[in-house]
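Read through the structure below, which is laid out as structure tokens, and then see the notes.
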Amino acid sequence: MDNLNFWKSRILISYLVFYSFVYIGRFSHWVAGPEIQQEFYFTHIELGILNACLLWGFAAGDIFHGRLAETYGMRVWILIWVLISVCLNWITSFGNSLMSIAIPWGLNGFANAAAWAPGVSILSQWWPKTQRGRVFGLVGVSSGVSMLLMWGITGWTAGEFGWRAAFRYPPILMGIAVICF
């Protein structure tokens, strides 16, 4: 039983640490938005379009990733798509128009969604229903920590080095975290 508890704890802690870095590649637009708006003279509507592309991509990804991850292996699926998300953050950083930012950013939402449904499925396999509330409560805390890390790390990077750097360097932490997961 000790071996089982070790693996349960390892899976939970590694997912919590990994998920704490996921928002760095998902919501960095929120922090960098004012600088993007200033550089390209985007209206609030155009800035909203960028955010909508991410969120629609994320919604589509939530539908897509859960089932296919079951077919191809959840951890491998998360690894591949989160690394794609890191790459799409980089591609977004080279954008020079609304469309050249919106398209890779929407695709990033799709890729980044792979961290949720397969991750929840992995955790559900390790804990009985009577313990899942506590486990997913911790995942919720991890989500909050992720938001704090995103605002702190991405905000500092955008403030010091510009919005493009905010899409290039902080997501590397997400890539490292998924490899360790």
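Placed from the backbone N, Cα and C atoms, the Cβ positions cover glycine too.
These features come from TrEMBL:
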{"type": "DOMAIN", "residues": "9-181", "note": "domain 'Major facilitator superfamily (MFS) profile'"}
{"type": "TRANSMEM", "residues": "12-32", "note": "transmembrane segment"}
{"type": "TRANSMEM", "residues": "44-64", "note": "transmembrane segment"}
{"type": "TRANSMEM", "residues": "76-95", "note": "transmembrane segment"}
{"type": "TRANSMEM", "residues": "101-123", "note": "transmembrane segment"}
{"type": "TRANSMEM", "residues": "135-153", "note": "transmembrane segment"}
For the transmembrane segment (135-153), give me same-chain residues lying six or more residues beyond its boundaries with a C-beta closer than 8 angstroms to one of its C-beta atoms, as numbers and ranges.
12, 15-17, 19-24, 26-28, 30-31, 119-120, 123, 127, 170, 173
Select the range from 12-32, 76-95, 101-123 that forms the most Cβ-Cβ pairs under 8 Å with the transmembrane segment (44-64).
101-123
Folded-back contacts onto the transmembrane segment (101-123), same chain, C-beta under 8 angstroms, at least six residues removed:
11-12, 15, 18-19, 22, 25-26, 29, 36, 49-50, 53-62, 64-66, 69-70, 74-75, 77-78, 80-82, 84-85, 88-89, 91-92, 95, 132, 135-136, 139, 178
